[in-house]
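Participant: Here it is, the structure in full.
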């Protein structure tokens, strides 16, 4: 098996979705984050989606009125952020689309090496403040590192099957548990650092392609950003790997504080 890959979207699949490839297709049994379920609409009000035109690139997380966290490997020259979405095709009121004016990857992220997943974190400054309410609001950053066995929630519009890819219209959620760091290191020898945390489940719940940049939420606080994992996704012995937010709190607060 080749190197585990980042979990950014394949945009041509999203274009098929917009073009009606799902018409007449029953999604009840398969439209889930692997091992997950459709989220209760707007239950993840911090969830963001990164778009380049009409192409879904990655997920993201609203952490301030005009700040979104995502994965550094999602960086593009130009994109917009959508907030308040549940269905990507149908609008139901709270959706907002705001251009990104500045992308700030972590300074130690190595964009020239596709095999280096360390420091996979990026802040996006939005042109305008988001209109906040019950369906669009920032999430709190965890003030401590998570512990093995802790139950957490992941969410995104990534593929719901693997290796065959099917991208859902609605936001999907899954419940996962934090892996001990040693078990994570054993699953991916030589690839795991303190800046990463692993999460998965014995039932194969996992994030996958298209979920990159989305949140790992534990006890209502942001603990991780979807980064990379096994290919195919959903292997109980190969958990999803997330950027470990607790290791980057100082950097996040410094950037947001300096930019206002």
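Cβ coordinates are placed from backbone N, Cα and C, and glycine is handled just like the others.
Note that the structure is predicted; figures quoted are calculated from it, not measured.
The active site, charge relay system feature in Swiss-Prot is assigned to 73, 120, 212; the stated evidence is similarity to another entry. Look at Swiss-Prot and you will find 39-173, 58-74, 145-246, 152-218, 184-198, 208-233 tagged as disulfide bond. Here Swiss-Prot flags 33-257 as domain 'Peptidase S1'. Residues or ranges marked as signal peptide by Swiss-Prot on the basis of sequence analysis: 1-28.
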Participant: Determine, to the nearest whole angstrom, how far the Cα atom of residue 120 (active site, charge relay system) is from the Cα atom of residue 152 (disulfide bond).
Facilitator: 20
Participant: Out of 58, 145, 184, 198, 208, give me whichever of these disulfide-bonded residues has the highest number of other Cβ atoms within 10 Å.
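Facilitator: Counting Cβ neighbours within 10 Å, the top one is 58.
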Participant: If you count other Cβ atoms within 10 Å of each one's Cβ, which of the disulfide-bonded residues 74, 173, 246 has the most?
Facilitator: 74
Participant: Provide the three-state secondary structure of residue 212 (active site, charge relay system) computed with DSSP.
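Facilitator: In the DSSP reduction, residue 212 (active site, charge relay system) maps to coil.
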Participant: When you rank 74, 184, 208, 246 by Cα distance to residue 173 (disulfide bond), which of the disulfide-bonded residues ends up on top as the closest?
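Facilitator: Nearest candidate: 208.
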Participant: Quick one: among the disulfide-bonded residues 39, 152, 218, 233, which has the most Cβ atoms sitting within 10 Å of its own Cβ?
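Facilitator: That would be 233, with the highest Cβ count within 10 Å.
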Participant: By Cβ count within 10 Å, point out the most packed of the active-site residues listed: 73, 212.
Facilitator: 212
Participant: Using C-alpha atoms only, work out the spacing between residue 145 (disulfide bond) and residue 152 (disulfide bond) and round it to an integer in Å.
Facilitator: 13
Participant: How long is the line from the C-alpha of residue 212 (active site, charge relay system) to the C-alpha of residue 184 (disulfide bond), rounded to the nearest angstrom?
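Facilitator: Cα of residue 212 (active site, charge relay system) to Cα of residue 184 (disulfide bond) measures 19 Å after rounding.
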Participant: Can you count the other CB atoms that lie within 10 A of the CB of residue 120 (active site, charge relay system)?
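Facilitator: Within a 10 Å radius of the Cβ of residue 120 (active site, charge relay system) lie 28 other Cβ atoms.
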Participant: Give the helix, strand or coil assignment DSSP yields for residue 58 (disulfide bond).
Facilitator: strand
Participant: Give the mean pLDDT for the domain 'Peptidase S1' (33-257) on the 0 to 100 scale.
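Facilitator: Mean pLDDT across the domain 'Peptidase S1' (33-257) comes out at 95.
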Participant: Measure from the CA atom of residue 218 (disulfide bond) to the CA atom of residue 208 (disulfide bond) and give the result in Å, rounded to a whole number.
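Facilitator: That separation, Cα to Cα, works out to 19 Å.
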